[in-house]
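Feature annotations, courtesy of TrEMBL:
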type     : residues  : note
TRANSMEM : B:41-61   : transmembrane segment
TRANSMEM : B:73-93   : transmembrane segment
TRANSMEM : B:98-116  : transmembrane segment
TRANSMEM : B:122-144 : transmembrane segment
TRANSMEM : B:156-176 : transmembrane segment
TRANSMEM : B:196-217 : transmembrane segment
TRANSMEM : B:229-251 : transmembrane segment
TRANSMEM : B:257-275 : transmembrane segment
TRANSMEM : B:303-327 : transmembrane segment
TRANSMEM : B:339-357 : transmembrane segment
TRANSMEM : B:364-381 : transmembrane segment
TRANSMEM : B:387-406 : transmembrane segment
Amino acid sequence: QSAKVTDATVAFLMPDQSSTRYEEHDYPGFEAEMKKLCAGCKVIYQNANGDASRQQQQFNSAISQGAKAIVLDPVDSTAAASLVKMAQSQGVKVIAYDRPIPSAAADYYVSFNNEEIGKMIAKSLVDHLKEKNVQAGDGGLLEINGSPTDAAAGLIKKGIHAGLAEGGYPILAEFDTPEWAPPKAQQWASGQITRFGKKIIGVVAANDGTGGAAVAAFKAAGIDPVPPVTGNDATIAGLQLIIAGDQYNTISKPSEIVAAAAANVAIQLLSGETPKADTTLFDTPTQLFTPALVTAENLKAEIIDKTVNGKPIQTPEQLCTDRYAEGCKKLGIGS
Amino acid sequence: MTSDVKQTATLLDRGDVRVSHDAGIGATIRSSIDKVRSGDLGSLPVVVGLVIIWTVFGTLNPTFLSSNNLANLLFDASTVGVISLGIVCVLMVGEIDLSVGSISGFASAMVGMLWVNQGWPVAVAIIAAVLVGGLIGSLYALLFNRLGMPSFVSTLAGLLAVLGMQLYLLGATGSINLPYGSSLVNFGQLLVIPRPLAYLCALLPGVVMLISGYRAAQRRRQANLSSRSIGALVVRVAAITILLEFVVFYLNQDRGIPWMFALFVALAIVMNYALTRTQWGRSMAAVGGNREAARRAGINVRLIYTSAFVLCAMFAALGGVLAAARLASASQQAGTGDVNLNAIAAAVIGGTSLFGGRGSAYSALLGIIVIQSIASGLTMLDLSSALRYMITGAVLAIAVIVDSLARRSRVSHGRA
Amino acid sequence: MTSDVKQTATLLDRGDVRVSHDAGIGATIRSSIDKVRSGDLGSLPVVVGLVIIWTVFGTLNPTFLSSNNLANLLFDASTVGVISLGIVCVLMVGEIDLSVGSISGFASAMVGMLWVNQGWPVAVAIIAAVLVGGLIGSLYALLFNRLGMPSFVSTLAGLLAVLGMQLYLLGATGSINLPYGSSLVNFGQLLVIPRPLAYLCALLPGVVMLISGYRAAQRRRQANLSSRSIGALVVRVAAITILLEFVVFYLNQDRGIPWMFALFVALAIVMNYALTRTQWGRSMAAVGGNREAARRAGINVRLIYTSAFVLCAMFAALGGVLAAARLASASQQAGTGDVNLNAIAAAVIGGTSLFGGRGSAYSALLGIIVIQSIASGLTMLDLSSALRYMITGAVLAIAVIVDSLARRSRVSHGRA
Amino acid sequence: MKGSRQMTDASNQAAPAGEVVLSLKGISKHFGAVSALTDIDLDVHAGEVVALVGDNGAGKSTLVKILAGVHQPSSGEITFGGSKVTLADPSAALSLGIATVFQDLALCENLDVVANIFLGRELSPLKLDETAMEVRAWTLLNELSARIPSVRIPIASLSGGQRQTVAIARSLLLEPKLILLDEPTAALGVAQTAEVLNLIERVRDRGLGVVMISHNMEDVRAVADRIVVLRLGRNNGVFYPDASNQELVTAITGASENAVSRRAGRRQAQQDMRQEGQI
Amino acid sequence: MKGSRQMTDASNQAAPAGEVVLSLKGISKHFGAVSALTDIDLDVHAGEVVALVGDNGAGKSTLVKILAGVHQPSSGEITFGGSKVTLADPSAALSLGIATVFQDLALCENLDVVANIFLGRELSPLKLDETAMEVRAWTLLNELSARIPSVRIPIASLSGGQRQTVAIARSLLLEPKLILLDEPTAALGVAQTAEVLNLIERVRDRGLGVVMISHNMEDVRAVADRIVVLRLGRNNGVFYPDASNQELVTAITGASENAVSRRAGRRQAQQDMRQEGQI
Ligand SMILES: Nc1ncnc2c1ncn2[C@@H]1O[C@H](COP(=O)(O)OP(=O)(O)OP(=O)(O)O)[C@@H](O)[C@H]1O
Ligand SMILES: Nc1ncnc2c1ncn2[C@@H]1O[C@H](COP(=O)(O)OP(=O)(O)OP(=O)(O)O)[C@@H](O)[C@H]1O
Ligand SMILES: [Mg+2]
Ligand SMILES: [Mg+2]
């Protein structure tokens, strides 16, 4: 690490607000790692709030501010090609983060694989149903996808379809939730509950917000117990629902790990080194991390006991507030 | 010869020979038909639009008309409906509030924060959220009254700033779950009016109409004014009562009528009373119709604007709390998306003018039911997002075309 | 004694003794100061707001004022700015178009589809997209003119339906990348005016002003009307030319002035001419100010509304094409988000009234620069989203407060 | 009974000079339950000033609006220049040569005086000739003795009379065949009123038909060739300028015992008493 | 020169009866570059009708609006009921007891007649007493001989005169100390005008101060105790009802050679000629 840069500007551009992870996990993780690797470096953080044009603005602005490497989680994977080209024409390194940029080769790609995530939650649900001996003829699944205008949601959706295809359970209905808005998901789910009633044997929801909305719809319809509902992102709210037994699974992707990797790659690229890659995706050297599927069984292990940067992913205090204390106890969390 | 005015009628308001009048049940029906012909229908056209929507969706998927689904519809309509009531207030005075969505989201975040995370009693948390909403409204009023800042701009700025505050509140934790089984969540998801009580409530409007109608007729007769025939009144009351009792009966087949919807209707009734039967409501209409004339009549115009902005923001906050109760969660997405547009559109579809001076609290009720019916009807059909958007747009247009046609006919009959 | 009118002045328009006039350079300056005092400032307050914003952001991060960043700002401002030009048209006649975002997105999808996927020539694809935009606008006009459907509702329905069409077009493929190196993408991302040409262009406004001002003054003098002093004209022309040349000089330090921005400015100038110096523009203002009076003056009111809606939709479509060029991609979320609000807000911030009859094409130019400056300035600061929203809201409010204060003063000086 | 009396009045008057410009037969107009006009007949000849008088709400303005194409009649027919016409909208009436000054003026408050005068008839539509328009505006306004500080201020800041002058100036721009003036002098000062009356006479002498509405019997008698009375939306007789005030007021109010006569009587009595007291 | 002549006119008149209700000293009002009023002085006594006359744009309405609290004067002071007051807004003027009928009426077109009459002064604010208000509205309107088809239709569908009657009825609701009437009879029919003039006299006899603006010299002379002339925003003399028309018109237009006199002269000449011809 001798020839390493000591002062450079690196930008960290995140796509949206549909979950808090970017500000709670990704950015802090990235920043911490940067501090470690290059104390004199400056980090620019921006979030595009789901708007590709705004992301372009932020990208340009980062270059104006002298950023030499940009970690980009694209709002629109396809459209981001233009950003990559623009950066490379000015000698700026681009590290694709979280979502790939298929039509232009970035300098590097680090990610939890969104398509894989979709596949994991779907498959886990299918396995769970099989385990409980639910027959394909007993009913079918609801599928709640993310925003129809969000490219990442499209990837997850693809994964879910792949995951479900193996299970053999029919999809009763599916829905692209505008803007990932939970109330919309709830309204749709309520309608399906009226339509299909007991025929719903499970719900694949693409994130914890829409999953929680599906749970709320079942509760509101007076259906108890709630059929298994998936989630994604391991938000506190989602984990609490798992603790309470209302939600079946979620995906924990301790983003700090990927963020740290991105920081490492950035420094290496800036120092003129070639970071080593596990594989190549879309002509881009790639490092993929496997996210952890969280259910009630492994929640303690994956969330409380696993540490990132020396801290647990979530502390029992955060999760086990009064109403969830009992559930926590059952899972052996806390005390 | 001056007496030719008096000859035809001795009533104070029947002095003009150019006006044709009618009395008695038969004549009332006749004049109703006339009214329909000339397009003077109030909210009937929107109701017709609604019936068309219901018929079509009901045919495509009969579950749509199941009382269970209608109960869902009523739950969902209540949250944005309450927000829309506030929008009616600002539209009445010819202003707008683009930030109701953000305010509702912020209020839900506040309740989640104060109640769940800080352990405040739920009622106190709700009151605090609604009061903070009112505070935001009074800020808009201040900017409007003191600096003359157009409400479009100030509330657009508010939209962003309040959304920022919502994200800030939820920043550390993300969404906050409201506990299942708590009274607030039960209210938002489960509680319905006990069946006998519901039947009783459905009698109320008729009884009130009958008594007040009878009293008014009596007073008017005493004052030497024309009055509606009692027969026609009874017919109308009977019709309304039968309709309401049928609705209650139908909904009681399954879950029943949500308390949350009852709250919404009660608020709409109160607002309707306030807007039509109090000095404040009269002043609102006057300020919306001709601000300068209202000022010259000695109305405290600034106070009226302030009341409109504050009420709107408070309704928005309350709507946000109800939405959180319905979802059992205070989420970061709450209040974003099309909450603003839906709340405004509901009021406009129901017949409230965007340019002030014309509107009614019931327009929020009707409008939001139209919007929610479209949304709910589409959930019953398996459509791609693209189709769903296109159809929502088309159905929305159709629902309003009926009203527009009726209004045109009204204009050509000189009743605009 | 009737001649006391003629005594003081022989000019046709200087007959009234109650009006104070001034002539010559000194007096012009004096009267300008008077105007500033009484708040009759046109767009000066917004410019002041802008200067404040620039100073603050420039202090916080000097990169903001770098000519490279300003070039970016101009690129970004052009896309929504063009849409905002259309919004000015509909606002002029007192209507609104909520679907400009969707139309722009749809147009970009069409260009992507036709040009990239179907292989049409790029110009034909663009023309097709703009024409389809115009078609959508004429549909709104039809609904408005024939059915009297409020534009708020019809364009809200359009927002959804057109978004559906956009998703439908892109449904099979997702986003479509526009090829790098193609003229359209270069236009949207790279092409700048050659430096000498830019300097030359910056001279143009001054020259035109000088010639037309001189001619007008001459004609007015011949017609026995008061005319502005030539001295004052020269001073003004000199000031403007120096300012423009400086701007060009500063921007030429780095990349230069984008052709796309030049296109936007050219469109704004054309629209300004059309709105202020043609019969059509006069009719637009008349219809927006008093529709019935315009009708009675024999203006074809329906045609005017149609032209407004169609122009607005066509500008929206063109804006969408530019946005696609800028992004080098036709994406599914193009035109969603805050494009609508930004386009409308730009016009309103620039001083176009939401209630019709008052507005100017330059308001779109000024307003969008304010909005983009805020956005661009904030990208220079590392802020959490929550803070970013709050600050955007606050800065927006501040930018407009200056204008509101000026307008208030104008009212109290009887110039509203 | 009423009609016959006036017929005899009419018979000893010379028939109006020119040919019939405008002829209404059985015009009715209903606004919902209100019948504003019932079976109105009216002829206007070239070179004739017809005064339309009547009580408030008698339907005068409604009639003018029908002729101007603003309202459509519920029934009845309109003949203009010899052929049956339908006036579907104001531009139809304008293009036939019917110029109107409306009671509610119908000006655009946001536009300046010049723009209002030339609205819909701007000089050189693609490159407005502001100088020529301004000159013409001043000429017209000065003809009407208007006291307008500037023609470049919005109508909103003009006084009532100034606005009315602008509206009248508007109607002079065209070369119409028929001019409809709905209470053109209501807000005008004495000098401006005199100019407008002069103007009406000049216009008549040029062979145009003029319909004037006014509540001022003196003005009416000063310029009218024929006085048509409306009452409660119906024709209530035709008079000639030599009819007495008493006659006209009786036809307008529908009673010889009316507020005007009562007031006149009372004032007479007061004056008598005062004089007695003084003596 | 003008002033002195009128002073002598004034001296042989009895001083007005009651004490001074309203007194203006040096009131000026500028709208941007336009000076609408310059140094206006005016006194109004209880039980006195002061007529304010002047050419179009003379500043009459501006003065009334200042008294009604609509505009703020640029300089000058207002004394009402003996004490100096500032009329910051219309409600201040209303609560002092100044009722105003504005030239532009200031009615809410979207509200019905009853609502407009009672605007800001509704009976039982928390449960509007519609019946009582409707009865009172009819009473007021009948007093003014209004011909309004229904008091439950929006103002937008009333005729010009009907609207003006509504505006006048509004001002009668209060128990004011001073009534300002800005061209109250401009749009009224003959009967309604007579009623309004009666009303003004009744009001005066009850000891109220009345300021009336009118362009109709006959009406002015019929009810006014004193006639104040404004010209181009300045005081231009005080007259008494026995002043001749000629005198008044000269003061108003600022020239004895004016449109009115010219017209009168021309008509006289025409008549002479016609008579000659007939003979
Ligand atoms: N748009 C309308 N809707 C309903 N009623 C109307 C409308 N326009 C006019 N009326 C009614 O028609 C009648 C005649 O009105 P109009 O304006 O023609 O009277 P007018 O003779 O001009 O009276 P004025 O002397 O007061 O101007 C009135 O009673 C009025 O209420
Ligand atoms: N808000 C305003 N802004 C600018 N100028 C104004 C404004 N109001 C009035 N004026 C000007 O002040 C002058 C006096 O107007 P005012 O309305 O007082 O006249 P008036 O005596 O009532 O005339 P009229 O007899 O026509 O009603 C006019 O020249 C007018 O243009
Ligand atoms: Mg009339
Ligand atoms: Mg006036």
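Cβ coordinates are placed from backbone N, Cα and C, and glycine is handled just like the others.
What you see is a predicted model, and the numbers here were worked out from it, not measured in a lab.
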I need to check the long-range neighbours of the transmembrane segment (B:339-357): which residues 6 or more away from its ends have a CB within less than 8 Å of a CB in the stretch?
42-43, 46, 80-81, 83-84, 86-88, 91-96, 98-101, 104-105, 159, 285-290, 316, 319, 363-368, 370-371, 396, 399-400, 403
Does the transmembrane segment (B:387-406) reach the transmembrane segment (B:41-61) with at least 3 CB pairs under 8 A, where each pair is 6 or more residues apart?
yes
At a Cβ cut-off of 8 Å, and with pairs 6 or more apart in sequence only, do we get at least 3 pairs between the transmembrane segment (B:156-176) and the transmembrane segment (B:41-61), yes or no?
no
Taking 3+ C-beta pairs under 8 angstroms (sequence gap of 6 or more) as contact, is the transmembrane segment (B:98-116) in contact with the transmembrane segment (B:122-144)?
yes
For the transmembrane segment (B:229-251), name the stretch out of B:41-61, B:73-93, B:196-217, B:257-275, B:303-327 with the most CB-CB pairs under 8 Å.
B:196-217
Non-local residues, at least 6 beyond the ends, that sit with Cβ under 8 Å of the transmembrane segment (B:303-327):
75-76, 78-83, 85-87, 89-90, 92-93, 95, 97, 99-101, 103-108, 111-112, 126, 129-138, 140-141, 144-145, 151, 178, 184-185, 187-189, 260, 263, 267, 280, 283-284, 287, 294, 334-335, 343
